[in-house]
Amino acid sequence: MEDLVDELYGVDEQGSSSAAARKRRLTAEQVRALERSFEEEKRKLEPERKSELARRLGIAPRQVAVWFQNRRARWKTKQLELDFDRLRAAHDELLAGRAALAADNESLRSQVILLTEKLQANGKSPSPSPAPAEQTAVPAAPESAKSFQLEEGRCLYDAAGSTTTTNGGGGGVAMPAARVAAARAASNDSPESYFAGARSPPSSSEDDCGGAGSDDDYPSSSVLLPVDATLVGDAFEHAVAATVAADEEAPLNSWEWFWN
């Protein structure tokens, strides 16, 4: 405590033992003036500045020099303490950051180990079979498509009585109603249906096979067909011929042709 007071008031320790009676304490006003001067310049005290302060404060130049020397030493010590505190705080901050990084590293390492185990487990498990590919329908050949369309062709009747037949190319060909009727009669009706209500022409005794004539007069009587069968065959041939000639001209009705 006494050393601190001596430093504050500029007491020379070397001369304290030999000249204790000559010790002179600095007043509070002198200490404040020296503090203000030290705050203005913390560098080494120049001789001119030292002489001026000693003359203005009424103390010896040596006492001013000793006070500045002690005050500069305390200031340096305080700066070292402040620097040490700053370094310690920075060190503690770095240690905390290192601990956080170590924790993050450990967490990432555990995640990597877990993911590696999962990948290994998935690699050992059988892989799911791929879904069967959808079978694409193979388009039919042009020839088969045309034949199919020809087989599936149908007749569409319009209001005028004509008929449209679809061909293989998708277009329509108009057909007369008479031709269609004749074709239907030839394909669907039996030959006997043409003569359902007709009467056979009268036959004479000469035409009968059981007449008075001899076998020489009728050489071909054994191969003659009945009259009804002959007429039926002629009617069927006429129906086919009427179907073929329907495009050129409109034929007479099959019944009218037969009776005419």
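Placed from the backbone N, Cα and C atoms, the Cβ positions cover glycine too.
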Students should find that the region 'Disordered' stretch in Swiss-Prot, chosen from 1-24, 49-72, is 1-24
Of the residues in the region 'Leucine-zipper' (78-122), how many are helix, strand and coil by DSSP?
45 helix, 0 strand, 0 coil
